[in-house]
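Data block below; observations after.
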Amino acid sequence: MSDWLFFIEVSLAGLGSGALLSLTALAFVLIYKATQVVNLAVGEILMLGGYLFFAFAAGMGLSPWVAIPLAVIGGGIVGGIVERGIIRPMLGEAAISVFMVTVGLGSVLVGLVELIWGTDPRSLPNFIATAPLFLGEAYVSRKIAVAFVVAGIVVTVFLVLFRFWRGGVALRATATDQAAAYSCGINVPGVFSLAWIIGCATAAGAGVLLGAISGISPTMGIFGLSALVVVIVGGLDSILGALVGGLALGLIQSWTGTYLGGEYTSVVTFSLLIVALMIRPYGLFGTHEIERL
Amino acid sequence: MIIGTAKESYRADEALLTTKPQRVWMAIFLAFLVIVPFSVNDYWLYMVCLMTINVVAATGLNILTGFTGQVSLGQAAFMAVGAYTVAWMERDLGTPFLVNLVGAGLAAAALGIVVGIPSLRVKGLYLAIATIAASFILHFVFVHWESVTGGNTGINVAPARIPGMELTTYFQLYWVIMPVTIIMVVAAANIFRTRIGRAFIAIRDRDISAEVLGIPLLQYKLMSFAIASFYAGVAGGMWAYFFRVVTPESFPFMMSIFLLAAIIVGGMGTILGGVVGAVFMTITPELLRFVVEWVSPWVPNAGTLLSPVRTIVFGGLIIGFLVFEPQGLAEIIQRVRRFFRLWPFRT
């Protein structure tokens, strides 16, 4: 019985971190859908979000409830600047070039954060109560539960916006066919900016949640690599894939970390990635593009 | 000023160096390489050797990414395979070091073929991610296959030996590393005068068209992976003799990004680009160190700024080159050459 309870607790923790993975993966998908850019800097934007929150809450002494929106807005501003400054000029270049630009951007962001805040890991001021939470008999860390609920709400809001909001519809139209969307009067460059702003703001928000759980450090951008695995397995342009893949990967990482040992998580994750790619090269839910000459 | 180069045979047309000034400059360059170890101190010799090793690895990656169009972020992992092969052969077999270097290349090439297998179904960025996955799995193997790799503590490598002496100083190693590098770079340039190299370029430009032209895609993509990994393996092997210890952290994932950045900065799809890119990217962090030392009287604790500044400059170089100079340093060199070719007339 206690084995089962333990298993359920491990699974719940996995679902919690999976929700964060889903949220970060959503930032990837949003940006990819609108601009066909795989933004490897999402992990670093996430880190930046955590540090911005740290600066506002601990450095300037603001209340966390003011600092969180400021960090999210800060992430969005960075996203907007990046899109206008270095992604727009790369329009029409090979996908790998743009990918490498985002790799370079990630490096710059890491360097800037190290320059301003140093390399030591820090913990964020507590803004979530630490009292444990019990679901039936299973113990869940309150922070992880809060992260799960917040991620769930944000994802739901996104799904509703994509369905009903004008901007969301414009984004889907742009993703389907840029030229057609443009001739219908949709401001396609505006959609590019919007997608980057929302995507980076989402990542920054995920960074605050992740930082609240496990602290912040300049290397936490590596979390973006896990989220990248999620979107590759789920399909780069599939929101459903990001959600399902994120939760699944969170569970798998939690299980392997507990039952096999922490060092096995990355090898299991990446083995699954290769298997998934061999079976479905465009991801589980991604669009299979037909190549024409 | 060169008016034109009259060629009388196809042989002359395909030659690597077509004009007399090119041959002269190349001879001067080779003479310079001979003089270098006699004229610089140990620190700069160390830098030159490190650059040279990076040149081999970057040239290999250039064959795969620049010429065949298969983006790989696993080059550092193949270097690690080469380094471990050398360490293992040196420890358990005791074979001569040139045999070990070739063995390192072959081991890496064999593994490169395995990693390249997904390339038929998986393209572009998905392939890049698959190679990331392969490099993380290899890292796991290096840590856990302790009987061969020595686990986290790694292996110490005995110095390279030729009959009668051990090659331990940078000066002695230079005479091994530099000739091997020259041979490998020339070989890389020569690949693209053959059917194989032309096939690689055709695959890069449009893989479906290449297949229609009768190029078996899987075979040639795997061949490209094998050649690139061979280069990485030899580079890793030289690295092992140079630093004399190999651990799982010797070849971090950042190194793969570094090599990809080197060929982007240098210019993808030109042999010259891979070479200048590797040299430039290796030397820039060192130059930054001098800059930081120079400003240290005015800036408090400048030493701690070095690492972040290096990271920023590294990223900034990638972004700057891709946005403003997508063809890389090789294109700048061509522009300079064109300027001097038309010099007195066009200013």
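Don't overthink the numbers, they just go from 1 along the chain as shown.
Glycine is treated like the rest: Cβ placed from N, Cα and C.
Marked as transmembrane segment by TrEMBL: A:6-30, A:37-56, A:62-82, A:94-117, A:145-165, A:191-213, A:225-252, A:264-285.
For the transmembrane segment (A:145-165), the most Cβ-contacting stretch among A:6-30, A:37-56, A:62-82, A:191-213 is A:6-30 (pairs under 8 Å). Residues 11, 14-29, 32-33, 38, 40, 42-43, 155, 158-159, 162, 175, 268-270, 272-273, 276-277, 282-287 of the same chain lie 6+ residues outside the transmembrane segment (A:225-252) yet bring a C-beta within less than 8 angstroms of a C-beta in it. Most Cβ pairs within less than 8 Å of the transmembrane segment (A:191-213), among stretches A:6-30, A:37-56, A:62-82, belong to A:62-82. A Cβ distance under 8 Å defines the sequence-distant neighbours of the transmembrane segment (A:37-56), meaning residues of its chain 6+ beyond its ends; these are 24, 27-28, 31, 62, 64, 66-68, 70-72, 74-75, 78-79, 82, 87, 95, 98-99, 102-103, 105-106, 109-110, 113, 116-117, 122, 124, 199-200, 203-208, 210-211, 216, 218, 220-225, 227-228, 236. Long-range Cβ contacts of the transmembrane segment (A:62-82) within its own chain (Cβ-Cβ under 8 Å, at least 6 residues beyond either end) map to 41, 45, 48-50, 52-53, 56, 105, 125, 127, 193, 196-205, 207-208.
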